[in-house]
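Under the heading active site, Swiss-Prot lists Cys152. Here Swiss-Prot flags Arg187, Ser188, Asp210, Ile211, Phe270, Ala271, Gly272 as NAD(+) binding site.
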Amino acid sequence: MEEYKEIMQNKKGKVDVTPIANFFREEVKQQITKNCWKPRVVAFLTSDDQGAIDYSKWTKLACQKDGIEFILKRVERVDLEDLIIEANNDSCVHGILVYYPVFGGMMDSYLQDVVSPTKDIEGLSTQNRFNLYHNIRFMDGETATKKCVIPCTPLAMVKIIDNLGIYDKSLAMGEHLKGKTVTIVNRSEIVGRPLAAMLANDGAIVYSIDINGIIIFQSGKRHGTIKMSETNVTREEAISKSDILILGVPSPNYKVNSDLIQDGTIVINFAGCLNVDESIQEKSILVPTIGKVTIAMLERNLLRLFNNQISNK
């Protein structure tokens, strides 16, 4: 994008992702207007967590502004499963969004699978995650008319990296990040692990770090497969050799030492708190927040599912 040309040339500075988010939201808005579509989302909020409440407000405002009917329901968590099933069976509902955590742990994983994959705008169901890890692009197999959805936050970061001009489109599909080293400090099933798989699928070597250690993600021998391997590389070594560093530790006490980060590294932060000192922008490229692009990807996923559903009628 032209907005980032100077930052990328200088290999330092702070990136505001608003232009990227606006680009994709404008695409969504144009499709809705052109086709006279009326997509509807039902979102469930069970928590009093201020972060979840704020995110639900931002999502609702963005969707309504872009022509999406957004119904936000404050519900008791013990009632959530029945309400999700009700929304699954409602033909007027095209997307379902749950603000996690609800119970936490395996109970939340269960709820993610209660949401029908055909309405799972977050892409968190087992089927959607299986499709991602096996690079399956369509929900209807060889018919290839119903596109899969990808988890919103990982997809947002891929789009940010792409719009910063890091993807080499002159290379073959699956090699656009060939020669790039990425470190992700987060291996959650919602963000870190799917993101590692996506970037590895695009040709990068990915160091995936969590409290249990480091795993390397690379593209496998067969197209669309991922190879995982153990490594003796330390956290500090992985960070210091990275072209792209992605941080997602939900603690204000976690900070990466700026001395470990090489000049010109792209540092993307998706945690609610900044996992690196803001002064890193004086020698590297800092993307401090990605939330606006995540919401844009949510809208994009909704339209994909809406289109899949109306094609059945």
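Keep in mind that glycine also has a Cβ here, set from the backbone N, Cα and C atoms.
Swiss-Prot feature annotations superimposed on the structure.
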residue	record	Cβ within 10 Å
Cys152	active site	23
Arg187	NAD(+) binding site	21
Ser188	NAD(+) binding site	13
Asp210	NAD(+) binding site	16
Ile211	NAD(+) binding site	6
Phe270	NAD(+) binding site	27
Ala271	NAD(+) binding site	17
Gly272	NAD(+) binding site	15
Taking residues Arg187, Ser188, Asp210, Ile211, Phe270, Ala271, Gly272, which bind NAD(+) in the record, the widest Cα spacing (Å, whole number): 19
Per DSSP, three-state class assigned to Cys152 (active site): helix
Between Ile211 (NAD(+) binding site) and Cys152 (active site), the C-alpha gap once rounded to whole angstrom: 24
Cα-to-Cα gap, the residue listed as 'active site' vs Phe270 (NAD(+) binding site), nearest whole Å: 12
Asp210 (NAD(+) binding site) - helix vs strand vs coil (DSSP): strand
